[in-house]
2 protein chains.
Amino acid sequence: MKISKLTDSISLQRSVEQANVDHLTTVRQVIEDVQKNGDKALFAYTEKWDGAKLTSLKVTQNEIDEAFESFDGQLIQDLEEAATNIRAFHSKQSRQNIDFPLAKNSYIKYQITALDSVGLYVPGGTAAYPSSVLMNAIPALVAGVERVVIVSPPSKEGKLPASVLVAAKIAGVTEIYKVGGAQAIAALAYGTDSIPAVDKITGPGNSYVALAKREVFGKVAIDMIAGPSEIAVIADETAYADEVASDLLAQAEHDRFACSILITTSESLAEQVALEVEKQLKQLPREEIARASIENFGHIYVAESLEQAIDAVNELAPEHLEIITKNAEAVAEQVKHAGAIFIGRFSSEAVGDYFAGTNHVLPTNSTAKFSSGLCVDDFLKKTSVVYYSEEMWKEQYPKIARLARMEQLEGHARSVESRSWNKGDLN
Amino acid sequence: MKISKLTDSISLQRSVEQANVDHLTTVRQVIEDVQKNGDKALFAYTEKWDGAKLTSLKVTQNEIDEAFESFDGQLIQDLEEAATNIRAFHSKQSRQNIDFPLAKNSYIKYQITALDSVGLYVPGGTAAYPSSVLMNAIPALVAGVERVVIVSPPSKEGKLPASVLVAAKIAGVTEIYKVGGAQAIAALAYGTDSIPAVDKITGPGNSYVALAKREVFGKVAIDMIAGPSEIAVIADETAYADEVASDLLAQAEHDRFACSILITTSESLAEQVALEVEKQLKQLPREEIARASIENFGHIYVAESLEQAIDAVNELAPEHLEIITKNAEAVAEQVKHAGAIFIGRFSSEAVGDYFAGTNHVLPTNSTAKFSSGLCVDDFLKKTSVVYYSEEMWKEQYPKIARLARMEQLEGHARSVESRSWNKGDLN
């Protein structure tokens, strides 16, 4: 792993491939086809791309129950405990309406309501992470979304992974469809006979899925389109090199474009971590992926001071930040920008990825400067309500009319004045 | 104005022009030029497109003070009162950190912090609305954004409208630059010597500005790209036709693509409103614009019942909704989707456009189903924080490791287990 002195210019930018133009053409055709031909198009694409010849898209209650009964009991218990933790923390994020009384029996209000329906995309194969099912579905359900739907591509045998069905059941989702790719996104956005449309689509997916989400954005809402994952670790001489190395590698094993950065005030830790990374890499099942990530995007920086390290992290605004130093909590308080912060050596990122209760869908690529991880807010919307009584109107309308005329919007001025036209002695 | 019976299929969709490809090419060139040549490019474009030969972009305190002193005293007072109302209501939207204690001295937290910096685009000429300056700047300042910047294209004489400078001063913004168009957006996103970059850009603009915002999205955050404005009015036989007509026209005078819809249970009101619209149109300074809007997109629907009217509105999810009926508050409670609701005949939309305290930047084109008007939340971000004590880790890590292995992420499992490697009797 590369080691260098920390200078001013460090970055998370990775040269990720540009969107493939051929992919975009395909995606647009698929969306048009699903809009025109509905379920027929869904069955055809599922046969063509997933090799599954289906007669019905919806997963039956029977299939869900079977998956649950055949699944490892210990893992079910672990998933249930994780779900309980996630539900508990996200429930704290619920919002209250705001009532704001004005003079003369008037008021304004802020009405906070849940979206009606949300679709969650779950990738197929080895990327079907049950933890992501929990992290996406639970905030929507806590927000009060009445209809939460999962779509996921089936295997050749026409089945979804048991782990996905189990996680869905634990989260509380029972409307699940065997359809993936751009065709699933099109179905969620425009609706078919089998799959009524939803108002928002969340969840990760391959480049076809990401492109399709961009295409339907505006017709429905979408979550962020996340870039590859990343971690920054701030550590001083009190950190154990093997632990820091294992955390850097946990990030690197995600994919080749993942980015793991260590910023340390200890030159000796820097050297030991580099050795440990190499040692642990050789024993990692996903060595090839992790090695590519570490070689291309991994970096150890030696900082002159903790302050310099913190400044650099605030510039980076990393998705994940671990702080393994003396007085780690005090250091955390100086961090302004990060998706999630993990304090001390016993809070490795995996604690939050799976279990603590915080969300693992987080802003990547320095966007933590201005955006946040997935949360209950993402499934709520706010409507403002205005009520002016006659007395209030009488007092205020001349001001409103003057402001409208200042902007040369005479029609606006007349609309507030119209309440007195020919209606007796109102003004 | 067209009158028809309310059927199931009513819509706000307007065939708005597709993004102009030539415009996009220009916008991309401008952004590249500003990234490369900084202020030099800004001066050149400002001379080319605004006809102003500037030597400095920043508005001086002197210019702000002069604008203020020369401005109508009554209007200053009206703007100040509007700002006070907007500030009061938006202050109620402030958020608290969430502290969530766990067992064994552990905790998770949700840290809510303001963005560092925000840029507000203010269009030039007659579209320079001081009310929009208040509506965009105040929520950011209430959120706690330390640096709020305004950019706006200068006149040929190198000046900004006095009303914009006055509204900025009242809102509390003093960093103002004389630059508009795509070049202003590029400067805000990438920074120049005169204009340090910001983290988020909000505010309306012409098609060049909208395209530039889309292009820099990801480097910085942007607000929604709003479509043309719209209003739906639900009214029964208790409504006055002249008042309803004036409210429909206030919307229509905005632009040719604005959309005004009345849904009424009274056939006689429908007919009277149609006559009133024609009568009032002839006396409106912006008659030409309002007439085009009414003829192309205006519509009066006669509903069989109030329930049918409410269902239709929930399908429409209009930007603005006025309810002028008996028991208007009870009707409002049945509305699920709208940007803003105005209750009763004394709460015309202009009350909220200018004065009541709610925001006038609202979701258009049925997106109120899943999105909200501009608010304090738009200038806040949330960071989750996880702290596990040694005891907590010892109890929980086997579960976390099992969940990671279930997802075949061995590196994740090892990272939580590493805390016990060779370190004595921890597990």
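Just so you know, glycine gets a Cβ as well, placed from its N, Cα and C.
Under the heading NAD(+) binding site, TrEMBL lists B:Tyr121, B:Gln183, B:Asn206. For B:Gln183 (NAD(+) binding site), the Cβ neighbour count at a 10 Å cut-off comes to 28, with all displayed protein chains included.
In the shown protein chains, 19 other C-beta atoms lie within 10 A of the C-beta of B:Glu407 (substrate binding site). If you look up TrEMBL, you'll see B:Ser229, B:Gln251, B:His254, B:His320, B:Asp353, B:Glu407, B:His412 marked as substrate binding site.
The Cβ neighbour count for B:Gln251 (substrate binding site), using a 10 Å radius and every protein chain shown, is 30. Here TrEMBL flags B:Gln251, B:His254, B:Asp353, B:His412 as Zn(2+) binding site.
When secondary structure is read from DSSP and collapsed to three states, B:Glu319 (active site, proton acceptor) falls in the coil class. Taken from TrEMBL, the feature active site, proton acceptor covers B:Glu319 (among others).
The C-beta environment of B:His320 (substrate binding site), restricted to residues of the same chain at least 6 apart in sequence and closer than 8 Å, consists of B:Ser229, B:Glu230, B:Ile231, B:Ala232, B:Gln251, B:Ala338, B:Gly339, B:Ala340, B:Phe342, B:Glu349, B:Gly352, B:Leu362. Under the heading active site, proton acceptor, TrEMBL lists B:His320 (among others).
The candidate set comprises the binding-site residues B:His254, B:His412. Of these, B:His412 has the most other Cβ atoms within 10 Å. Chain A comes within the C-beta cut-off of under 8 angstroms for none of the recorded positions B:Tyr121, B:Asn206, B:Glu319.
Its Cβ taken as reference, B:Glu319 (active site, proton acceptor) is surrounded by 30 other Cβ atoms within 10 Å in the chains shown.
All protein chains shown were included, and the count of other CB atoms within 10 Å of the CB of B:Ser229 (substrate binding site) stands at 25. Packing around B:Asn206 (NAD(+) binding site) is summarised by its Cβ count: 15 other Cβ atoms lie within 10 angstroms of its Cβ, all protein chains included.
Nearest in space to B:Glu319 (active site, proton acceptor), taking C-alpha to C-alpha distance over the binding-site residues B:Tyr121, B:Asn206, B:Asp353, B:His412, is B:Asp353. Rounded to a whole value, the Cα-Cα separation of B:His412 (substrate binding site) and B:Asn206 (NAD(+) binding site) is 49 Å. Cα of B:Asp353 (substrate binding site) to Cα of B:Tyr121 (NAD(+) binding site): a distance of 18 Å.
Counting every protein chain shown, the number of other Cβ atoms lying within 10 Å of the Cβ of B:Asp353 (substrate binding site) is 29.
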